[in-house]
Amino acid sequence: MGRAKRVVLAYSGGVDTSVCIPYLKQEWGVEEVITLAADLGQGDELGPIQEKALRCGAIESLVVNAQEEFVKEYAFPSIQANALYENRYPLSTALARPLIAKLLVEAAEKYGADAVSHGCTGKGNDQVRFDVGIMALNPSLKVLAPAREWGMSREETIAYGEKFGIESPVKKSSPFSIDRNLLGRSIEAGPLEDPMTEPPEEIYLMTKAIADTPNEPEYVDIGFNQGIPVSLNGENLAPVTLISQLNDLVGKHGVGRLDMIENRVVGIKSREIYEAPALLVLIDAHRDLESLTLTGDVTQYKRGIEDTYGQLIYKGLWYSPLKEAIDAFILKTQEQVTGSVRVKLFKGNAKVVGRQSVNSIYSPDLATYGAEDQFDHKAAEGFIYVWGLPSKVWAEKTRGK
């Protein structure tokens, strides 16, 4: 008896997930494989994916357009949280995984599957994100991860697939592993595994090389409503359209590249190249608007929560109780975060140069050093005495010892 009768497989069209189809059937005795591809803005690569899955042995191939859900339910909360992993990575790839896990569970329940499957290896982050997400959404579903168990090298995997007519898109001249969605691209493997090797320019698609960027700066006004981006240069835009247009605008100026060594969930370090032009600029602009509309103590407390939020996303805990509790806090903080932020784009740099809000708690009359100054300077002496009293008492008791 096989490990499962009917399986829903997360399918990308790449060699690993394509090989999973015959492997599940031939090696693990699965009777029926249904593939599911989530359209998260990958572009043309989804075109032939259904035909390829059926050719590899799937009984049905599903493509779910989840771009709007991806932006509204996953990207926007992350922007409200200013979520960055290790203070740099805006989680453009990681954010897609809990949504794909949700779609897998929904498809399994709809089609009566007794298991779901993915093509993640045993040393990556995605296996954790998928498995934990699926467990949280439907604990009764089995999760099959053939690539984690089959023990084949990359070359052996390609050779196995060739027996079933599966061609590999990975060539010696382009040995990179690439993941793409509307929020960005991640590139790894090949020569990038040497941390001293400069990434070749041809791996970048969303961002221009500095030499090819415009010679004049460009400004963009980003409008927010309760922490959610809603407009560009005064024009209200649908969520997917806003991200897409901002990607093009920001990437044109060479903004949005990351080259970093990160700590994976499984305990190893990896070298990752990311392109996430819109997401990086939106987080920067949103954080700046918060500085105008939130009190200092809320801002400072939220910064610590933001780091935890990024960790939860990266480590596959999107559906955890802690994440849900933090969401409630963040939503409360965003009630006043409405306004616009002006960003200057030029030669690989995105710089906030202006911000405004009807909820601004910045008072020019209190901040100015000019004649309009309304700050009560005399009150400072009493404040300083009370503020410094613990230090004064401590010094009196300890300095003489």
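Numbering starts at 1 and runs along the chain as displayed.
Glycine is treated like the rest: Cβ placed from N, Cα and C.
What Swiss-Prot lists as ATP binding site is Ala10, Tyr11, Ser12, Gly13, Gly14, Val15, Asp16, Thr17, Ser18, Ala38, Gly119. Residues annotated as L-citrulline binding site in Swiss-Prot, with sequence analysis given as evidence: Tyr89, Asn125, Arg129, Ser177, Ser186, Glu262, Tyr274. Look at Swiss-Prot and you will find Thr121, Asn125, Asp126 tagged as L-aspartate binding site.
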Tell me the Cα distance separating Tyr89 (L-citrulline binding site) from Ser18 (ATP binding site), rounded to the nearest angstrom.
29
To the nearest whole angstrom, state the Cα distance for the pair Ser12 (ATP binding site) and Tyr274 (L-citrulline binding site).
19
Of Gly14, Gly119, the binding-site residues given in the record, which has the fewest other CB atoms within 10 A of its CB?
Gly14
Most Cβ neighbours inside 10 Å, all chains, among the binding-site residues Ser18, Asn125, Ser177, Ser186:
Ser18
Going by C-alpha positions, which of the binding-site residues (Asn125, Arg129, Ser177, Ser186, Tyr274) is nearest Asp16 (ATP binding site)?
Ser177
Least buried of the binding-site residues Asp16, Asp126, Glu262, going by other Cβ atoms within 10 Å?
Glu262
Would you count the other C-beta atoms found within 10 angstroms of the C-beta of Thr121 (L-aspartate binding site) for me?
14
In whole Å, note down how far the CA of Gly119 (ATP binding site) lies from the CA of Ser186 (L-citrulline binding site).
17
Rounded distance in angstrom between the Cα atoms of Tyr89 (L-citrulline binding site) and Gly119 (ATP binding site):
24
Neighbourhood of the L-aspartate site (Thr121, Asn125, Asp126): other residues with Cβ within 8 Å of the Cβ centroid, in order?
Cys120, Lys123, Gly124, Gln127, Val128, Arg129
Using DSSP with the three-state reduction, classify Asn125 (L-citrulline binding site) as helix, strand or coil.
coil
